[in-house]
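Annotated features in TrEMBL:
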- 523-588: domain 'CBS' (DOMAIN)
- 93-112: transmembrane segment (TRANSMEM)
- 145-165: transmembrane segment (TRANSMEM)
- 270-300: transmembrane segment (TRANSMEM)
- 353-370: transmembrane segment (TRANSMEM)
Amino acid sequence: IVGSIGAVSAGLDLGKEGPLVHIGSCIASLLGQGGPDNYRLKWRWLRYFNNDRDRRDIITAGCSSGVCAAFRSPVGGVLFALEEVATWWRSALLWRTFFSTAVVVVVLRAFIEICNSGNCGLFGTGGLIIFDVSDVKVSYQAMDIIPVIIIGIIGGLLGSLYNHLLHKILRLYNLINQKGKLHKLLLALSVSLFTSVCQYCLPFLAQCKACDPSFPEVCPTNDRSGNFKQFNCPDGYYNDLATLLLTTNDDAVRNIFSSNTPSEFQYTSILIFFTLYCILGLFTFGIAVPSGLFLPIILMGSGYGRLLSMLLGSYTNLDQGLYAVLGAASLMAGSMRMTVSVCVIFLELTNNLLLLPITMIVLLIAKTVGDSFNPSIYEIILELKGLPFLDANPEPWMRNLTVGELANAKSPAVTLSGVEKVSQIVDVLKNTTHNAFPIVDQDVLVPGTVVTGATELHGLILRAHLVQALKKKWFLAEKRRTEDWEVQEKFNWVELSERELKIEQVAVTHDEMEMYMDLHPLTNTTPYTVVESMSVAKAMVLFRQVGLRHMLIVPKYQGAGVPAVVGILTRQDLRAYNISTVFPHLATHKEQQKHK
């Protein structure tokens, strides 16, 4: 929060929208777990968020609330979470996120009303509609579809180019940031200094324009807000480039989105503005400050949209401000590859439903063009950070690989017996980082038959439950199975939902190491399993749609000497990049380049 305030106030080419999404998610995560690790609240109702599903749900609601707070767009926030964030969506999550954004809007509206007195600075400007263009009359003919298509194509091309160049720069920034805090600081200071120098010096290149008496606002002005900056011009004249650069990013967008202003900005000024923000948009994101991509992309897109309308001149009937809106939307779709959420966000930002048909066309064209070159900017950043976020659709070559072959390329699965020696459990926990272990029993009597010597896959036990059992001294002097009443006396569901305890925090004596633990009561006896002959593509769809953390692979054939478990799959195992690294012959050259 502090970093975002400082960065936006410094005039850097970044937005508060991206950080607000993170802030909303962080607040939701802290609420769900009762606060930071060392100072957690133990309220009874907070226990309901101790499971993975509800924790994911509340963080998703926090994310949609952040988008809503940033753009004052409640429906857009819900759709953003659906389209871009959540890997597992259900109807209950829909109304929960919608309720969250509704609360955000009510609180925002209340503060805006309080601040109408003018005591809150620039907060609340524009009410719930930040960039209002509802006063313009949108009338277009069949011939206007051609420039709209051109905007979509250019947006897709520029968006994919922006993603490609930003990927290279972020890799360079990663190398610089790894050298230490001083290098991080110097990099941020260099970008900040370069931004300030450009924003102050470039307006000297623009020619002064005479103020028109028909302007609805004071002209010229040098106040903190206002659309007509005097800068270096004589009285009665304003500097249009200073009007765009020497103001807040939100005001710059309002100025360039302004309708019925065909002569307010010069062609050269818009060209300089567009070029500068392309450069700043590439070099500002990635420095050690909280930064968002929404506003820089809107500024770049609106610049080239307005530039295109000036080039077309009398060949189009659409207003220059509308071209700026369409340009911003097309570049967002070309870079971020979002369509539905961006469409609704822009409608809620601009308050003009008449823009809906052409906005939809622009977004679809830009996304289609961008997808043909590289992945979205979010996927690129996830790859750089190494986060195991699964793609919505598996790669085509994943159909040619089975989960059994994938398991054979990994180290063998670590299994435990239903009644296991304490020393073995401690050894496994200390020497592996696995989060779950299959429980396999040997020489089992098959129920309802006289067959003995069978191997049983009893289920899956979590690392957290093993550590909790060690902490509670769930030890047996002899190797036996426990009764239900023994388990109920020792454990409750609140303790078993804890996830923070580490094996290093648990002390086990030498004598206790020789004792046994009955793991049967703590085991999930109905884990999701797939046969080893299933394709990786189908397993990935199942894994993602159900929202799993682990998936067991069982053998196709049963018999003596055949293990009960072939392997275990996690998110990291199903990432296309990790699979193509192990099986490079399956992925084509183009697909390998995509994940580099």
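Glycine is treated like the rest: Cβ placed from N, Cα and C.
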- Query: Per DSSP, what is the residue count of the domain 'CBS' (523-588) in each of helix, strand and coil?
  - Reply: 22 helix, 12 strand, 32 coil
- Who are the chain neighbours of the transmembrane segment (353-370) in space, where the CB to CB distance is under 8 Å and they lie at least 6 residues beyond its ends? 133, 138, 140, 144-145, 148-149, 151-153, 155-157, 159-160, 163, 322, 325-326, 329-331, 333-335, 337-339, 342-343, 346-347, 376
- Quickly jot the same-chain residues contacting the transmembrane segment (93-112) by Cβ under 8 Å, restricted to those at least six beyond its ends, or write none. 57, 60-62, 64-65, 68-69, 72, 74-75, 77-78, 81-82, 86, 120, 123-124, 127-128
